[in-house]
Amino acid sequence: MREMLSMIVVLTVLTAVSGGLLAAVKVKTEPRIEEQVLKFQKAPAIKAIFADATNDPIKERFNVKAEDTELQVFPSTLADGIKAVAFEAKGTGFGGPIGLMVGVNLDTDEIIAVRVTTHAETPGIGSRAKEDLSFVGQFAGMSMASNFGTKGQGGDIDAMSGATVTSVGVSQAAVAAQNLYKKLKPEIVKQMN
Amino acid sequence: MTNTKLIVSHAPFWHNGDSLFQQNLNFFIALLPAALFGIFHFGAPALGVLALATSSAMLWEVIMSVLSKKKMAIADMDSAIIGLLFGMMVPATMPWWVVITGTFIAVVLGKFVFGGTGANPFHPTLVGIAILTMSWPAFLDFDTAYVSYQFDFTALAPLAALKAQGTYALASFSNYDLLMGNEVGGIGSTFGLGIIIGGIYLILKGYARWEIVASFIAGVLITATLFFVLHPDTYAPPLFHLLSGYTLIGAFFLAVENSSSPVNRIPMLIYGFLGGLMIILVRNIGIYPDGTVLAILLINLVNPLIDTIRPKALGKGVPNA
Amino acid sequence: MAQSLVKEFTKGLWAEIPLFRLVLGLCPALAVTKTCENGIGMGMATTFVLLFSNILVSMLRNIIPSKVRIACYIVIIATFVTIVEFVMQAYTYELFLKLGIFIPLIVVNCVVLGRAEAFAGKNTVMLSAADGLGMGIGFTLALSSLGAVRELIGAGTLTVWGGTPLFTIGHGYIPFQFMVEAPGAFVGLGMMLCLMNLIGKK
């Protein structure tokens, strides 16, 4: 009985202390990590999406809020005067959350391009979603109202062979982006003007 | 004498006088027609590459024998054959340092690290070629290798042309040209007729097993025919596959290597057929123009598995003997 | 005491160097050593985890009930690995991107759990710290030397820190790409093991 009790106590205390410690470290490093992610993941993705931007979308970023959702938005004016925004949405892949940066043309509601940002997919398999542009390239030119499910789910997106879970994760992120956009578009337009 | 499993028959036994040297000498003789044709065809550089490949392979054998304190076995010519086969599979314009690196990989990584002659799970030459293909593909590209040559036939590697242009390219290669070596390719792997003659000599002498060769060729022909019948516009006819690239040298000389091929009849048939099948799959579906190297390495790999298919022993086994 | 401290520290550097003598921790060794820089980064992350998990395991060795010791060790190790992951994300993000999934996988690295179970669970805090530090530095040395060999042959460069090569072999050198591919890792490791055995035979 004594041994049983000590096992329970030791493990409980240990996990509690470890949890507390990790929470503290996370709180301490979080702003810095966000800064790094912005610099190394979001900025290159936005640059690739708005290749012909006339402004600096990263510097002009702002937050929009509607009801209970808040979103970081990167506005851009393209070379031909078109107003566009980019924002990130999340889906769940094989190794954890997948971030998808979606660039949308505000006038036509069409996707300009999408890029995968943060992910923890298997190198060489799921990570192709980020490296091989033929998969994310499918989204370019689609309307924000289309069905972003993979073909297996009755949608319009061809999954990557051998990386179904990742493909579904990306398509989930696109659907999440769709919902965010629907909800927040009036707010975004209001703030851009 | 309780272990009855090991008793074969009564002594005395007698040796038929054969040795590893005898076997390799016969391999050498069998390789000669194709190699001589290569020298005749591609000129002095081909002779240089063949000589360098053979001699450097033997040199690596000497160095490794000294380093690993093994008995010097250079006189049995095993490394010489590995080097010669290597030389026959590469273009005549290969730089000397690539040849030496290739034979180093073949002899040291392909043979010695596994324990020397007779212990190699793969054909050493193919290990060398495969690793070179991964690292320095430019030196194994037959199209660029012969740009300074003047030939009286199409100076395009048949399989690379097939991959790049589709069946459209086939018009410039006739089966007769492919058989007589009127194509660009490895020094000793273009002259189909010479390889066939040498290979048949080896089979008659008993150093190569006809089961492997025949089932290998059957695998190539049957698989290629299936593809060709279903989509004649997209896939090349079976004879083209048989006569181009490394198919013939693979069937007659590479797949039959002793320590990496099966010993029983049914496994030999499966082994060869699987090799032929894989070649066509790589060529028709895969990304590489020629799948022979990969196909033979793959069947080398499954060899221990298929060799477990063996006839049931006669008599009654002793449990837990 | 001081003598045995030195002994425990130095054994990890040569006599029991994790990768080449104990042949432990092969997964990160084969996967991340494409460049010398990756090897150093991975080695340093592992050293940090080894040092602190050894200290903590050793401190708690009389409290932890033996029946749940492995679970406790894993909790301790996982905590430090997660800390390393956060810190690397915050300060060396580019390196973190290259090492990626292999940082969280330090949790299941045999060297770390092996030292906790075989050494820190039975010895004093000072000795365990010396052992952890020695093993960690030995692991770093092994990874960086393997990475250096692979990078030099396979890419013709040598990168120690910061992403820019410290040294580049002349323009005439054509990289032997096989060495930076996955099978090259096995061949490279085999050659290093062979070299270690040749040197340490006497």
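Each residue, glycine too, has its Cβ placed from N, Cα and C.
The transmembrane segment annotation in TrEMBL covers C:12-33 (among others). Using a Cβ-Cβ cut-off under 8 Å and counting only residues 6 or more beyond its ends in the same chain, the transmembrane segment (C:12-33) has close neighbours at 39, 42, 46, 98-99, 102, 105-106, 108-112, 114, 131, 133-139, 141-143, 146-147, 150, 182, 185-186, 188-189, 192-193, 196.
Here the transmembrane segment (C:39-58) has long-range neighbours at 25, 28, 32-33, 64, 72-73, 76-77, 80-81, 84, 88, 92, 95, 98-99, 102-103, 106, 109, 111-112, 115-116, 119-121, 123-125, 127-129, 131-133, 135-137, 139-148, 160-161, meaning same-chain residues at least 6 beyond its ends whose C-beta is under 8 angstroms from one of its own. The annotation transmembrane segment is assigned in TrEMBL to C:39-58 (among others).
For the transmembrane segment (C:70-89), the residues of the chain that approach it from at least six positions outside its boundaries are 41, 45, 48-49, 52-53, 56-57, 60, 64, 95-96, 99, 103-104, 106-107, 112-113, 116-117, 121, judged by C-beta separation under 8 angstroms. TrEMBL lists C:70-89 (among others) with the feature transmembrane segment.
Taken from TrEMBL, the feature transmembrane segment applies to C:125-149 (among others).
Residues 17, 19-21, 23, 26, 29-31, 33, 142, 145-146, 149-150, 154 of the same chain lie 6 or more positions beyond the ends of the transmembrane segment (C:182-200) yet place their CB under 8 Å from a CB of it. Here TrEMBL flags C:182-200 (among others) as transmembrane segment.
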Distant-in-sequence neighbours of the transmembrane segment (C:125-149), which means Cβ under 8 A and at least six residues beyond its ends: 1, 4-6, 8-14, 16-20, 25, 28-29, 32-40, 42-44, 46-48, 50-55, 57-59, 111, 115, 119, 158, 179, 185, 188-189, 191-192
